[in-house]
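To start, the structure under review is shown below, and the notes come after it.
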Amino acid sequence: RALTSWVGIARLFAVVLSCLAFSLVASTEHFRGPYGTWCMFTWCFCFAVTLLVLLLELLELYPLLPLSWDDFTSAFSMLAALMIFTSSVVFPATFIRSPCNSNRCARQAVATTASCLCFLAYAIEVGLTRAKPGDISSFLSTVPGLLKVFETYVACLIFSLLDEYNWEPGLQWCVAVYSICFIITLLIIIFTIGRCLTYIPCPLDKMLVGYNLLALLMYMTATVLWPLYSFRGRSRPNSCGRDCWWNKHLGVTFLTIFNLIAYLVDLVYSTRMVFIRA
């Protein structure tokens, strides 16, 4: 059943497609730099972990692990979908040049296609394992749980773009917001997978609602302050390349908005689950 269920079939496709993607890119020997390294790491990491998940389920060894298996697989499938999606966008934008008429470019194009299909496989797995309304299931398979993974990943992307923020107190506050929310959300994910949340001596569901409200308010301030202090009195340079500070700060602005929306949806779903249903 680990291989013949719909979830197992989606994982098999993810293993094959991620292996195809990094094998083709490795054969081109053209993946130098931080962006190429990130894409290769993503494909290899998702391939290795998904293969390990399949083997543990096939051999029925996962009950021996001291963690919540459903929470772990749900969180990983969401994380893998986000990582593969990012690589599917970054790799062709960085390495494929027009016109694409060489053998190396053809292999890069096929690798990009395999990466996009791999993202679909992980997205299907997320959809198949997501808890339906009314189901009693693991927290990370619910919408708030999946949003926690999304919020953590977006915060990591924000950290990768941070540059030149020491000279403004408003920007320092925004970095503090990103860091505090990232650490707390990551701890929630880790404690959930490690089955440690039950030892917290307080109403956990209400505590999560309160944290979501606080994170939402903090991100609202960052959504206003980051573009205000980043672009005030500073226009886009004429020669603004890929690593230009203006492009990075614009990326942080949009990612902040994405996380603000994620925390808002998280708060709405958490409030409905805790108060309205009760």
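Cβ atoms are placed via backbone N, Cα and C, with glycine included.
Remember, TrEMBL labels are computer predictions, not curated facts.
What TrEMBL records for 2-134, 139-275 is domain 'MARVEL'. Residues or ranges marked as transmembrane segment by TrEMBL: 6-26, 38-56, 76-96, 108-124, 170-197, 209-229, 249-269.
Against the transmembrane segment (76-96), the recorded stretches 6-26, 108-124, 170-197, 209-229 differ in Cβ pairs under 8 Å, and the greatest number is found for 108-124. In summary, the transmembrane segment (170-197) does not lie against the transmembrane segment (108-124): fewer than three C-beta pairs, each 6 or more positions apart in sequence, are under 8 Å. Note: the stretches the transmembrane segment (6-26) and the transmembrane segment (108-124) are in contact (3+ CB pairs below 8 A, sequence gap of 6 or more). Sequence-remote contacts of a segment are chain residues at least 6 beyond its ends whose Cβ falls under 8 Å from one of its Cβ atoms, and for the transmembrane segment (38-56) they are 2-3, 8, 11-12, 14-15, 18-19, 21-22, 25-26, 31, 62, 65, 73, 76, 80, 83-84, 86-87, 90-91, 115, 118, 122. Outside the transmembrane segment (209-229) by six or more residues, the chain places 144, 151, 168, 170-171, 173-174, 177-178, 180-181, 184-185, 188, 249, 252-253, 256-257, 259-260, 263-264, 266-267, 270-271, 274-275 with a CB less than 8 A from a CB of the stretch.
Per-class residue totals from DSSP over the domain 'MARVEL' (139-275), listed helix then strand then coil: 109 helix, 0 strand, 28 coil.
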